[in-house]
Amino acid sequence: MEIAGYRGGSLRGSLQGSLRRSVSAWRSPSTSDVFGRSSREEDDEEALKWAALEKLPTYDRLRKGIMTGDGGEIQEVDIQGLGFQERKNLLEKLVRNAEEDNERFLLKLRNRMERVGIDNPTIEVRFEHLNINAEAFVGNRGVPTLVNFFVNKAIWILSALHLMPSGKRPISILHDVSGIIKPCRMTLLLGPPGAGKTTLLLALAGKLDNTLKVTGNVTYNGHGMHEFVPQRTSAYISQHDVHIGEMTVRETLAFSSRCQGVGTRYEMLTELSRREKEANIKPDPDVDVYMKAVAVEGQESVVTDYILKILGLDICADTMVGDGMIRGISGGQKKRVTTGEMLVGPSKALFMDEISTGLDSSTTFQIVNSLRQSVHILGGTALIALLQPAPETYDLFDDILLLSDGQIVYQGPRENVLEFFESMGFKCPERKGVADFLQEVTSRKDQQQYWVRENEPYRFVPVNEFSEAFKSFHVGAKLHEELSTPFDRSRNHPAALTTSKYGISKMELLKACIDREWLLMKRNSFVYIFKVVQLIVLALIAMTVFFRTKLPRNGLEDATIFFGAMFLGLVTHLFNGFAELAMSIAKLPVFYKQRDLLFYPPWAYALPTWILKIPISFVECGVWIAMTYYVIGFDPNVVRMFRHYLLLVLISQVASGLFRLLAAVGRDMVVADTFGAFAQLVLLVLGGFIIAREKIKKFWIWGYWSSPLMYAQNAIAVNEFLGHSWNKLVDATGQTLGERFLRNRGIFVDKNWYWIGVGALIGYMVLFNFLFILFLEWLDPLGKGQTTVSEEALQEKEANRTGANVELATRGSAATSDGGSVEIRKDGNRKKGMVLPFTPLSITFDNVKYSVDMPQEMKDRGVTEDKLLLLKGVSGAFRPGVLTALMGVSGRGKTTLMDVLAGRKTGGYIEGDIRISGYPKNQETFARISGYCEQNDIHSPHVTVYESLLYSAWLRLPAEVDEKQRKMFVDEVMDLVELNSLRGSLVGLPGVTGLSTEQRKRLTIAVELVANPSIIFMDEPTSGLDARAAAIVMRAVRNTVDTGRTVVCTIHQPSIDIFEAFDELFLMKRGGEEIYVGPLGRQSSHLIKYFESIDGVKKIKERYNPATWMLEVTTISQEEILGLNFAEVYRNSDLYKRNKDLIKELSTPPPGSKDLFFATQFSQSFVMQCLACLWKQHKSYWRNPSYTATRLFFTVVIALIFGTIFWDLGKKRSTSLDLINAMGSMYAAVLFIGIQNAQTVQPIVDVERTVFYREKAAGMYSALPYAYAQVLIEVPHILVQTLLYGLLVYSMIGFDWTAAKFLWYMFFMFFTFLYFTYYGMMAVAMTPNSDIAAIVAAAFYAIWNIFAGFIIPRPRIPIWWRWYYWACPVAWTLYGLVVSQFGEYTDTMSDVDETVKDFLRRFLGFRHDFLPVVGVMVVVFTVLFASIFAFSIKTLNFQRR
């Protein structure tokens, strides 16, 4: 028997700690003990308490422990009732310092179990002959264009029906891989991007996507995946950080720990306690309390606290995780939360995917070291993929698994890996990390530089050959032998593999989910308060528009107005549920992650989201009823009021349920929005208000009977119109006015319909929520868009694997065709001259200071100064052909200095002297000769790489450069940064579609290079890249410098070879002061010599990274130890004097030179700027079918729905009801398609706006051409939309086919769709992001709905609101549409005894002779919204720098 569970909190909690053995005693007695009671008395007391504890039955014994209190007294504690302070004290005693005490603590845990002969359960994971293939489109078929979208959809339908092949080709991800991941050993997974690392980790953790074709098998301790629950036996830690932003770090980990439960720890502890009692062994009381706390359910906090400490997250434990909208923890901390989320559970095998991205090397070392201690001491199994492990982190691993192009190149002990490659003729250079070498040695482009056999010519060694050679290498042969001997299943520990699906009981899971949902509702209270405020505003408008003194009860028209008021109440609560859609979709990624990790079943997640929202519906509807019911003058009977209230609550709940369901089905905002609009459309149009029941066609009547709104409307109408207020008799048959109205509108005149409606709504509420649970269970998150591969990439992958000599489409890139060397060289022939000449320029800055207004929170803490100084007078010079690294730990002012020099700051105060080749810097001209590569690679997602570069060149190169030269120059730049093979690839959205991070970095550099700048600034060009990708980017940077340009890069944690590719270093310390400015020297010799000459600075170790050493020896704590200020040391050095002389020399213009001068601010004329922007917008729209194609599809479907529902209504005008129905068709179409247009355009404009900020700052164009292009590109798309909609609907509804009527109809529809779209764009331009824009815009849709003239006609609107009718664009559209179709008819109507023309004028206030004015007004609104959009884009900047 052994202690299976201890991997969780305690042991596997232990999973994080660090291996600096400390000699200090574990708990030295404090001095006060000497004067206190004698230790013998304490021992006696402890022995007595322990003896009492031993006598308790097992259940109680495991829930009691002995701890030493703050005052040294011995006390018995209840494990389940440990408070925060007690937990803190316990951890302080056990693991005071994570780096020093963790290993000793883990050893104590192990020793306690070994003393009584209990072993830890271990897991050996084997995979044999594993093949994994995917299917993808190759070449242009996969590029999303408007045409491809419809073609691919059609082919998909035909292939699903087996009528034709899908046209996808199989692509191999992993090819025949076999190996063993052993327990008690740390295995590092390495490989270049696209090698298949993530796929291998997912396969081993049993989490592969079911669309992949998999053969081969994976076993744990000889057991197949179907014999246990792999998701709970092992933990897969993803490279994506998906968390709920509104929860704190501690809450996130505690929830995870609570769901995962304690595994088998409790059973192990029972056995341990029994054996200790038999052997009469007394354990260490603190270790005993800890082990009991992590084994008893409900005490997850101890595990959480331990993991927080080990991961260094205790400093931000109570900070929100944060997301795009909420400011939270840093990216590096988020990465650690993702790791911690799985470490708090009891899993015994860990598969970790790139857990170090965004962490500095010391933190990565600390975390990996803690994992290593846990794996070694407690017998864990770990396979960890890291991007750029530093040499010291690399040395912590026992085994290396190297993958390349889906094959295993090496798997075995770390010590033998270099020996294997040397046997193949490749050697790792002195000053290169082994991990970096391993990432590059299998790559066609990077291999040659490592070839060492001088007597043999180099030839490319493909992956296949390495893989075959490894099988005959002694490590490979031994692995093969081990694999051929099956695992002895009798050695499998009973507690090693988990067989239960969930960690805790169903009731506990539900409680955990309820607690979390309640917490999130409290954190999101702003949303609920905002919704209530919005309701109050709408209620104020409703009660003053439908004011009781203005509402008599004399005839059917009066009843119609009351009916409108009821309809408004229902619709308001129906649409109020729309917020549920966005909120549900936002939470789905976290749900899918936790569902797949088996934290909880879908029902446990769905029930709390439903049940906890019920009280909110009561509050919202209560506010509405309280404000409107009696003011509008509905039936005063209290019972009827409460019935009205109940119906509103139910419709509100039905709406929430429906939108949650649509979120689960759509899973994406655009798709769900479209579904949402369809749902609202069918509910509304067929609900019985817009078109009466008798008028609904037979083939649509099912829609009427299945619309929840119909039941609500029937019930609410019956409740009101069968009341006392409406019992005035209207004819001899004894019919009351209320009954007559109900019959007239096709509503059932039976009082039981109230309860039928209530029953139906309850049924719908339950049904929608039940379906929500089912879809959460069935559906997986949407894929990463179309899987596409270019023909070239496929050939290159194949060539890499087999060594086939493919002539790749990489024109001019010698490196590809003949495997030329690609190390980052400083020397070599300088590439002089490209197609376009440029002037080399230097930039000098002397005593530059930058300050901002003192933040309010610092003033609150007693800081008296008004300004906060971020740069304290820095000086330096950057010269042509010299590559300068700008370095310093985070927060030292690197990016600030660069923004100041480049003129990118939008606020703050700048002082000091900045000169360009001796002349004072002028920002207008400087933008023309400089480039700035931002850290976040911001590009238009829907254009190709080549188009991005062509566009940048078009707008930034001088007007005299003709098109041919421009294209030649773009080709040269693509060559320089190795983008030729990606020429036709779509850029895509970062991390979602399109280019990889490293490819985006190179595109960012190329976009600046095609402007032919003399000075380039780059902000962290290598962050987030693996060693090989970083080398490719640095090679592009080096090539750029060698053309004679001035290049400055900020850089974070570089490897040795990247660091030494720089010529000079500009090192800053906290507070924005320089501490070293000068040349690096060969192998960093100048830098090392400078710092080692300072008294007390520790010498650099052999083969240590000088960049890491330099940051370590210049920290603030080192300054305190040495008692000096490095900034002072620098100011007193010869280096400082040399730099001052250099600045002086470069600050005087060379004789005969002229200051920079450009005749115009921009390189292209206003018209050319407009054309270029329009060209890019056209490309973007054409390749964005999820927007353009969805909109056309949506329009056609709505046109067909409307055309069939309102079939032939245009010819009917014998009664006023016919006219109202026809008007309803127009009102519903305008509102629906209009709002849909406004909603879907918002995310598009929002994404493009961030690109606009970058391009405008780069001096590509002024704001107006961009705004005009954005406005104009919509016109042809909306025109097509109008033609599709207009032709279908006009012919199906059967309006008169006269040219004037048809053209007026098309005119109004076109401009209405257009102004709605521009309104959506305007809302984004005036707000910081599309989320806020959607909320602001939605408020107006509701108000426009009231004043459109359909729910209440203009003559019936109280005089104090009538002005708003004229300010409502929808009212003008409805006026124009109704009058242009019906305004001239003089037929008499049967039910009101007046002509159509007179009825329109009396009841609706519409006059035919006013039509031209109406037409002009619709155009005015279109121009107004477009102009406000353009003005806002020009004047408002929501970017903060």
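Glycine is treated like the rest: Cβ placed from N, Cα and C.
Annotated ATP 1 binding site per Swiss-Prot: Gly191, Pro192, Pro193, Gly194, Ala195, Gly196, Lys197, Thr198, in sequence order. Note: Pro193 (ATP 1 binding site) has non-local neighbours Ser996, Glu998, Asp1026, Arg1028, Ala1029, i.e. same-chain residues 6+ apart with C-beta under 8 A of its own C-beta. In three-state terms derived from DSSP, Pro193 (ATP 1 binding site) belongs to neither a helical nor a strand segment and is classed as coil.
The feature ATP 2 binding site is assigned by Swiss-Prot to Gly888, Val889, Ser890, Gly891, Arg892, Gly893, Lys894, Thr895. Within the same chain, residues at least six positions away from Gly888 (ATP 2 binding site) with a Cβ under 8 Å of its Cβ are Lys894, Leu1067, Met1068, Lys1069, Arg1070, Leu1111.
Within the model, the domain 'ABC transporter 1' (158-430) shows a mean pLDDT value of 91, rounded to a whole number. Marked as domain 'ABC transporter 1' by Swiss-Prot: 158-430.
The domain 'ABC transmembrane type-2 1' feature in Swiss-Prot is assigned to 508-721.
As annotated by Swiss-Prot, domain 'ABC transporter 2' applies to 843-1095, with the evidence given as sequence analysis.
What Swiss-Prot lists as domain 'ABC transmembrane type-2 2' is 1168-1382.
Long-range contacts of the transmembrane segment (526-546) within the same chain: residues 561-562, 564-565, 568-569, 572, 576, 579, 583, 616, 619-620, 623-624, 627-628, 631-632, 1335, 1339, 1342-1343, 1346-1347, 1352, 1357-1358, 1360-1361, each at least 6 residues beyond the stretch ends and with a Cβ under 8 Å from a Cβ of the stretch. The transmembrane segment annotation in Swiss-Prot covers 526-546 (among others).
According to Swiss-Prot, the transmembrane segment annotation covers 559-579 (among others), on the basis of sequence analysis. Tertiary proximity for the transmembrane segment (559-579) is limited to same-chain residues at least six positions away from its ends with a CB under 8 Å from its CB atoms, namely 527, 531, 534-535, 538, 542, 546, 551, 553, 620-621, 624, 628, 632, 634, 647-648, 651-652, 654-656, 658-659, 676, 680, 683-684, 689, 709, 712-713, 716-717, 720-721, 726, 737-738, 741, 745, 1220, 1338, 1341-1342, 1345-1346, 1350-1352, 1356.
Beyond its flanks by at least six residues, the transmembrane segment (614-634) meets 528, 531-532, 535-536, 539-540, 542-543, 546-548, 551, 562, 565-566, 569, 572-573, 576, 640-641, 644-645, 648-649, 652-653, 656, 720, 725 of its own chain at Cβ-Cβ distances under 8 Å. For 614-634 (among others), the entry in Swiss-Prot reads transmembrane segment.
As annotated by Swiss-Prot, transmembrane segment applies to 646-666 (among others), with the evidence given as sequence analysis.
The transmembrane segment annotation in Swiss-Prot covers 756-776 (among others).
For the transmembrane segment (1187-1207), the residues of the chain that approach it from at least six positions outside its boundaries are 146, 149-150, 670-671, 674, 677-678, 681-682, 685-686, 691, 696-697, 699-700, 703, 1181, 1221-1222, 1225, 1228-1229, 1232-1233, 1236-1237, 1240-1241, 1244, 1277, 1280-1281, 1284-1285, 1288-1289, 1291-1294, judged by C-beta separation under 8 angstroms. Look at Swiss-Prot and you will find 1187-1207 (among others) tagged as transmembrane segment.
Here Swiss-Prot flags 1215-1235 (among others) as transmembrane segment. Residues 560, 677, 680-681, 684-685, 689-692, 695, 744-745, 1194-1195, 1198, 1202, 1205-1206, 1209, 1281, 1285, 1289, 1293, 1309, 1312-1313, 1316, 1341, 1344-1345, 1348, 1350, 1370, 1373-1374, 1377-1378, 1381-1382, 1389-1392, 1396, 1399-1400, 1403-1404 of the same chain sit 6 or more residues outside the transmembrane segment (1215-1235) yet have a Cβ under 8 Å from a Cβ within it.
According to Swiss-Prot, the feature transmembrane segment maps to 1275-1295 (among others), an assignment based on sequence analysis. Beyond the ends of the transmembrane segment (1275-1295), by six or more residues, the same chain brings 1181, 1188, 1191-1192, 1195-1196, 1198-1200, 1202-1204, 1206-1211, 1222, 1225, 1229, 1233, 1237, 1301-1302, 1305-1306, 1309-1310, 1313-1314, 1317, 1381 to within a C-beta distance below 8 angstroms of the stretch.
The transmembrane segment feature in Swiss-Prot is assigned to 1302-1322 (among others). Below 8 angstroms of C-beta separation, residues 1230, 1233-1235, 1237-1242, 1245, 1270-1271, 1274-1275, 1278-1279, 1281-1283, 1285-1286, 1290, 1295, 1333, 1337, 1340, 1369-1370, 1373, 1376-1377, 1380-1381, 1411, 1415, 1418-1419, 1421-1422, 1425-1426, 1428-1429, 1432 of the same chain, each at least six residues beyond the ends of the transmembrane segment (1302-1322), sit close to that stretch.
Tertiary neighbourhood of the transmembrane segment (1332-1352): same-chain residues 530, 534, 537-538, 541-542, 545-546, 561, 564-565, 567-568, 571-572, 575, 578, 582, 1223-1224, 1227, 1230-1231, 1235, 1238-1239, 1242, 1246, 1319-1320, 1323-1324, 1326, 1361, 1364-1365, 1368-1371, 1374-1375, 1404-1405, selected by CB-CB distance under 8 Å and a gap of 6+ residues from either end. Annotation source Swiss-Prot lists transmembrane segment at 1332-1352 (among others), citing sequence analysis.
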Residue among the binding-site residues Ala195, Val889 whose Cβ has the most other Cβ atoms within 10 Å: Ala195
Remote residues contacting the transmembrane segment (646-666) - C-beta distance under 8 A, at least 6 residues beyond either end: 569-570, 573-578, 580-581, 584-585, 588, 606, 609-610, 613-614, 617-618, 620-621, 624-625, 672-676, 679, 708-709, 712, 715-716, 719, 757-758, 761-762, 764-765, 767-769, 771-772, 775-776, 779
Cβ within 8 Å of the mean position of the Cβ atoms of Gly191, Pro192, Pro193, Gly194, Ala195, Gly196, Lys197, Thr198: remaining residues of the chain near ATP 1: Leu403, Ser404
Intrachain residues whose Cβ lies under 8 Å of the transmembrane segment (756-776), provided they are six or more past its termini: 591, 595, 602-603, 605-607, 610, 646-647, 650-651, 653-654, 657-658, 660-661, 664-665, 708, 711-712, 714-716, 718
Number of Cβ atoms other than its own within 10 Å, given for Gly194 (ATP 1 binding site): 16
For the transmembrane segment (1363-1383), distant same-chain residues with Cβ under 8 A (at least six beyond the ends): 1210, 1213, 1219, 1222-1223, 1226-1227, 1230-1231, 1234, 1295-1296, 1300-1301, 1304-1305, 1307-1309, 1311-1312, 1315, 1319, 1343-1345, 1347-1350, 1354, 1357, 1396-1397, 1400, 1404, 1406-1408, 1410-1411, 1414-1415, 1417-1418, 1421
Other parts of the chain folded back onto the transmembrane segment (1413-1433), taken as Cβ under 8 Å at six or more residues beyond its ends: 1249, 1252, 1263-1264, 1266-1268, 1270-1271, 1304, 1307-1308, 1311-1312, 1314-1315, 1318-1319, 1321-1322, 1325-1326, 1369, 1372-1373, 1375-1376, 1379
Nearest recorded site to Gly893 (ATP 2 binding site) by CA-CA distance, among binding-site residues Pro192, Gly194, Ala195, Gly196, Thr198: Pro192
Neighbour count (Cβ, 10 Å) for Gly191 (ATP 1 binding site): 24
Cβ-Cβ neighbours of Thr895 (ATP 2 binding site) (radius 10 Å): 19
Whole-number Å value for how far Thr895 (ATP 2 binding site) lies from Gly191 (ATP 1 binding site) (Cα to Cα): 31
Spatial neighbours, same chain, of Gly196 (ATP 1 binding site) - Cβ under 8 Å, 6+ residues apart: Ile132, Ile173, Leu174, Leu403, Asp405, Gly406
Integer Cα-Cα distance in angstrom, Pro192 (ATP 1 binding site) to Val889 (ATP 2 binding site): 27
